[in-house]
Amino acid sequence: MYLTVGITRERFRELILVRLGEITLKGRTREKFEAILIRNMRSALKSGGIEARVERGFGRIFVYSGREAVPLLRRVFGIWSLSPAVEVEYSTLEELLSISEEVFREAVRGKTFAVRARRIGVSAFTSRDIEREVGSRLLRYSAGVDLEKPEVTAYIEVRGRRAYLYTEVVQAYGGLPVGSEGRVLALISGGFDSAVAAWYMLKRGAEVHYLFCNMGGELAKLYTARVAKVMADNWSYGYSPKLYVADFRPLLADLARKVDHRVLGVVLKRFMYRAAELIAREIGAHAIVTGESLGQVSSQTLVNLHAIDRAVAMPVLRPLIGFDKEEIIRLAREIGVYEEASLVREICGAYSYQPRTACSLEEVLVEESKVGSRHLESILGSMEVLNLRDLSWDDLAIPNVDIDSLPRGSVVLDVRPTEKYSAWHIPGSINVDAERVVELAQRMGRDRTYVVVCDEGGLSREIAHNLRLLGFTAYSLRGGIRRARRQYSKLLGAGERNGS
């Protein structure tokens, strides 16, 4: 309950009382941390169009604003908790007691309550004096005192000749102010894991920028940028986060042609790490961040992570290494990226088959030598840099090419490797290499409807989008073959009922 009842005097001011967490333990560097925190708080308020005066006090920061600032400030790392409060001035204990009665009486009306007081810089009376006297005055409005589980707690914090009265303590996320612990570069795929890993680094005070190794195309970039945009807008106060987009498509195609598909994922990750290290050094970052969780997929076993790590000298930080997938998804919901991240589909999986969970460094180096390092130069030379704060959601609008059922008479183009196609495919579908889809469609003609399918629907989205740009009627099967295999009878039935 926010206290606004009866506040008409000039000396009553609304504000938000901000409590610090770990910063209070910083000793000689505390002042620096608090200065960074206040900068970030002002950045958050500005992003929400809120003008407010921010003042520093011992162990507290005072934000002279209404309740509308609470959701913004709650997402500023370094803040432990907040309380929408009323600041009052008083001359005597009696005046403080009268003001407290006026402010709290409606809040406790018909409810059980307790009074909690603390004081700094006052010796004329004790905290117990305040609790006892205010409690006595509020009793007649209430349903009684309950010191164990009160329905309302009336908090009174006295600092010199000012007092702060409130009934709420809103928990924030703690951590350290963003920017207090240097800069990192996070590999982001657009999925849950990489976003949550970046969130944890922000929480520990790192300024996070992002690298997206694009193996799809324009749609993959847009889907990933939308996830990064949520992180930038909602959690990255005090700096301008950037998204570096690296075109990995030529490299991935070369790997698919030359490298043993069982170790392709590990070799690909090593190239991603190398690109990240080069960009990180260029922007002054001191570590690479990934969303890897031990054993979650084949490339994330200890043996494979060892082989991948040897590609770079820079530290690789993995905040989620011990997390279960369910924990990661829960956190993705909490931080607000779940909806956008759930739309992202894997691309590189379309090129690998039966990946190995234990690749020796020696065999990885042999396979890697088949493509060499020449791709890195072109990848870095064609880098696209997006300032996430400058992007609007209109800039990131995504054309919808997904379809849930197969239109009657459509041509189904399955772009998975031959091994996967042979294991199971939609009857009547055509197995075609992703790079030859346009050529095949041009031969078959523009008077047909094409539905592209892959494992999960990521690569097929890009291909369908490109076909549309060339004037074809094309779709991507939502969820890919994995979903289609589970729901194949339903898939065909829906198409027949729609008569399309």
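Glycine residues also receive a Cβ, built from the backbone N, Cα and C atoms like all the rest.
Annotated domain 'THUMP' per TrEMBL: 67-169, in sequence order. The ATP binding site annotation in TrEMBL covers LEU187, ILE188, LYS269, GLY291, GLN300. What TrEMBL records for 406-493 is domain 'Rhodanese'. If you look up TrEMBL, you'll see CYS454 marked as active site, cysteine persulfide intermediate.
Each of the recorded positions LEU187, ILE188, CYS454 was scored by how many other Cβ atoms lie within 10 Å of its Cβ, and the smallest score goes to LEU187. Rounded to the nearest whole angstrom, the C-alpha distance between LEU187 (ATP binding site) and CYS454 (active site, cysteine persulfide intermediate) is 24. Annotated pair CYS454 (active site, cysteine persulfide intermediate) and ILE188 (ATP binding site), C-alpha to C-alpha distance, rounded: 22 Å. When the domain 'THUMP' (67-169) is classified with DSSP, helix, strand and coil residues number 39 helix, 35 strand, 29 coil.
Taking a C-beta cut-off of under 8 Å and a sequence gap of six or more, GLN300 (ATP binding site) has these contacts in its own chain: GLU292, SER293, LEU294.
For the ATP site, whose annotated binding residues are LEU187, ILE188, LYS269, GLY291, GLN300, the maximal Cα to Cα separation is 16 Å. When pLDDT values are averaged over the domain 'THUMP' (67-169), the model yields 96.
The domain 'Rhodanese' (406-493): residue composition by secondary structure is 42 helix, 16 strand, 30 coil, according to DSSP. Under the DSSP three-state reduction, GLY291 (ATP binding site) is assigned to coil, being neither helix nor strand.
Classification of LEU187 (ATP binding site) by DSSP places it within a strand.
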